[in-house]
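Input: a single structure, listed below in structure tokens.
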Amino acid sequence: MTANPELGRPDAARGTRTAARRERSGFLGLTGRDAGLLLLVIVLTMAAPVLLNPFPATSSLAQFNAGYPDLMQRFVIFGIFAIGFNILFGLTGYLSFGHAAFLGAGSFAGVWMFKLLGMNVLLAIGASMAVAALFSLMVGYVSLRRSGIYFSILTLAFAQMSFALAYSVLTPITGGETGLQLALNDPRILGESVTASGNIPLPSLFGLEMRTTELVTFRIEGLGVWAFPFNVGYYFCAAVMIVAFYVSIRIFRSPFGMMLRAVKSNQQRLNYTGVSSRPYTLAAFVISGVYAGLAGGLLVSMDPLAGAERMQWTASGEVVLMTILGGAGTLIGPVLGAGLIKYFENIFSKINKGVLEGWFSVFPDGLSDVLVTIVYPFVGKGWHLTLGIVFMLVVIFLPGGLVEGGQRLGRVFRRSDRKGLGVEAPAADTRAKAEE
Amino acid sequence: MGILEVKNVSKRFGGLQALGDVNLSVAENTVHAIIGPNGAGKSTLLNCLVGKLIPDTGSVMFDGQSVLGRKPHEINQMGISRVFQTPEIFGDLSVLENVMIPCFAHRDGAFALNAWSAVRRQTGVREQAEAILEDMNMTSARDIHAAALSRGDKRRLEMAMCLVQEPRLLLLDEPTAGMARADTNNTIDLLREIKEKRDITMCIIEHDMHVVFSLAERITVLAQGTPLVEDVPEAIKGHPKVQEAYLGQPAEEAA
Ligand SMILES: Nc1ncnc2c1ncn2[C@@H]1O[C@H](COP(=O)(O)OP(=O)(O)O)[C@@H](O)[C@H]1O
Ligand SMILES: [Mg+2]
């Protein structure tokens, strides 16, 4: 306390200045929470080859290991696809059913770079993003003249048209039914057409081949052997996803992102507030189109062939499912949704009758047969059924997706913690009620 | 010449003549009230001013420029803000964000690709938004979802969103409907204060005669889509035609 008001003032000024400095610092311009989320994603993606292989390679549970390069690449690539889709759908509420067209266009552009210029993945990805940007600008410009269901139908129509064209009349560009592949006689003017050993060269980052994998094994006597594949392609995709995720956080927290949320909340009010919503939605559409193109470019960088089916409406629907399943409009949700769906598609689908019989063999014969008959429709080729049920349950009980599920769980734990303390329980209860 | 000149505007919905040949002149820096029974066409007239409806005939000039054929956001950028009869706010956004959006629209125009810097770094806009919330006595609600506000608070929020843009013409469609008496009086004080502080023209539709006679400098009475009379408040109070068409109605209507 000071009696002299002149002394009080500089103190106050210093106080606000340090507050401002604290705001300005923080990790890469993010607030604590967002920085934490980004760090979490970095840690999880970097450790994925270990985390996704929890079962010894020699055990019967090894088939639940999702940590092989091909699948890990898909996790992060489709994560990128869904992160971008969420910028459009999650923020503005405009539901596109045609985003696979941009992923497909990006894939074709990438393969053409490999054919014409060279095998550097940066070339392919650059071209993928550029082509997807132009294409989504065109589609978005037309489709965004309408909103709601009409917008969705327009995007669907565009995508199906692209798919049909890619499959037929555009065969010289897209490879038609067989898809677009690399050949020994491609020019590749910036690199070599054929390697010294007479093969088609492989996609690489300045000579570092995407296919390269370092397999680290780890043995615990009496328990088994763990195998962790560290793959160059995966780490490249993961690095790109981290950047893509970071960019999406910046967009979410920016005035632009706030305008997009305002579009979703009340587009009329936004217009009467002096904001033209169309350029905002178009920008969001193109940004999400570029994300899709980036995903397409990464897909061909891992495996340099592209087919028209990548543009089909089922592929567009899949990214919608991923986003809603994980939590539309949340930052991390789309990544979780993409992971879950790809896990189902690749792991759940591999549980066949033989595997089930193995599991249930501990039961008496009759019971084991009954169990196998009950469970079988939900696994193997029936994985869609399980996914469908999971999707319905999430939409009905957790409209905010997996993220909402996580938040509710967190709240339950916090509440029981408080109860344990006894004293704070009533306060915690009212707070929880207010939150609901 | 008034800042707003409405000439021979008519609007028909199917068989209903909602507006028939309306002429209205609002002088700059005055408060002009439009009163009239329900269904008289008051909101329809405002809709024609902000680009929500295009009148069948006539012209609407704001500050010497035609408003007709312009998009709503262009009309707003000319300096016209509107408070709607049923509150139009961003329900999913926080109260503070609701007020920041018009600040951005005022600062950056109809579109700006400001996608990299964080909202919380926009200190100028933030201070502006916080100041208007302070003026509206809504600081304590700044972080809650706007959808959770009471009806009266939603109205005050919408008013804050309009005022923060410092419009030249403010259109208010029944701004105190659904408000508690105390809030109504606060609103009257607030609008008076704004009026004293800066140059602003207001066009206010109101059922509450207490509000009308506290604020208006001129009053137009609208009935069945046509203006009956236009005069200063003292003259309107005793006007026989008005008594008949409007004030003569059941007491609670006029109260
Ligand atoms: N969009 C519309 N379509 C059809 N009729 C309308 C529309 N808007 C208003 N009306 C009709 O026009 C008349 C005037 O309505 P309005 O301007 O809302 O009156 P008020 O003076 O109460 O604001 C009413 O009879 C209303 O039903
Ligand atoms: Mg009305």
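The backbone N, Cα and C atoms fix where each Cβ goes, and this holds for glycine too.
Remember, it's a predicted structure, so these values are computed and weren't measured experimentally.
TrEMBL lists A:8-20 with the feature compositional bias 'Basic and acidic residues'. Look at TrEMBL and you will find A:1-20 tagged as region 'Disordered'. The transmembrane segment annotation in TrEMBL covers A:35-55, A:75-97, A:117-142, A:149-170, A:232-252, A:279-300, A:320-344, A:356-379, A:385-405.
By the count of Cβ pairs under 8 Å, the stretch nearest in packing to the transmembrane segment (A:117-142) among A:75-97, A:232-252, A:279-300 is A:279-300. Here the transmembrane segment (A:232-252) has Cβ contacts under 8 Å with residues 28-30, 34, 37-38, 41-42, 45-46, 48-49, 69, 72-73, 76-77, 79-80, 83-84, 86-87, 91, 121, 125, 205, 208-213, 287, 291, 294, 298, 301-302, 331, 335 of the same chain, all six or more residues outside its ends. The transmembrane segment (A:279-300) makes no contact with the transmembrane segment (A:35-55): fewer than 3 of their CB pairs lie within 8 A, with pairs spaced 6 or more apart in sequence. Ranked by the number of CB pairs under 8 Å to the transmembrane segment (A:385-405), the listed stretches A:35-55, A:75-97, A:149-170, A:320-344, A:356-379 are led by A:320-344. Among the recorded stretches A:149-170, A:320-344, A:356-379, the one sharing the largest number of Cβ pairs closer than 8 Å with the transmembrane segment (A:35-55) is A:320-344. Taking Cβ pairs closer than 8 Å, the transmembrane segment (A:356-379) reaches residues 60, 348-349, 385-386 in its own chain, all 6 or more past its ends.
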